[in-house]
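S.K.: Among the features that Swiss-Prot reports, ATP binding site is placed at GLY38, VAL39, ASN40, GLY41, ALA42, GLY43, LYS44, SER45. Per Swiss-Prot, domain 'ABC transporter' is recorded for 6-239.
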Amino acid sequence: MSLMILSVDGVEFAYKSRQILNNIKFEVKRGEVVSILGVNGAGKSTLLKCINKILKPKRGTILIDNFDIKNLDNLELAKKVGYVPQRAEGNYMTVFDAVLLGRKPHIKWEVSDRDIEITHKVLKLLNLEDYALRYTNELSGGELQKVIIARALVQEPQILLLDEPTNNLDLKNQLEVMKIIMDISKSQNIASIVVMHDLNLALRYSDKFIMLKDGVIYAEGGREVINPENIKAVYGVDAYIENVRGIPVVVPIG
């Protein structure tokens, strides 16, 4: 089995005459957590939507497990990619049923014992068993976010795409959600690609970083790319990096 699960090569995307992504090229290995960083409007969410075929690039190639996504129908893609959107709202549906919906790509005629088993397994993994019969519109933001991640996980994906998964969460839930993403990526050999605004959360839980600026990759690599020079260039903010108990912390200046 190849370690490489995602290859993005020369991807470009534009809204009418406005170029959003330009010659995007990178690769992701199984088990990696990759943070996509940059200011609002840099193209981060657009990139995730291109990988998930929500948007169609005007040029470039995206391979998932060596399959060109252009040749995958929505059902085939949903078996390979789990997508957690930026915003999720609860509704009058139990947590169990909301998570079970993620099995839709695998269900043929009716819900199988395996579908039920996997749903229970993922609920347990995310400590959601006690919430199974609660309605999603009764949940807190952090609880609902875990339900949406659980729904993506029951798809048994090879890749998780998460668009600002810690948005609107308190500090405790931010840490818990990111630790869940990191632990699941390692234990299940899933590649997780996460759009992030919080550099310190990204540094704490990610293996690799892709910094976008004006629709192009400005910097890519490990923790070494999160440095004062790149932060200044990408965000326009002066900062220094402090090491706290082995964890690098970005400290803005002024």
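Each residue, glycine too, has its Cβ placed from N, Cα and C.
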S.K.: Non-local Cβ contacts of GLY41 (ATP binding site) (under 8 Å, 6 or more apart, same chain)?
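M.R.: None - GLY41 (ATP binding site) has no non-local Cβ neighbours under 8 Å at 6 or more residues apart.
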S.K.: Can you give the mean pLDDT for the domain 'ABC transporter' (6-239), rounded to a whole number?
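M.R.: Result for the domain 'ABC transporter' (6-239): average pLDDT 92.
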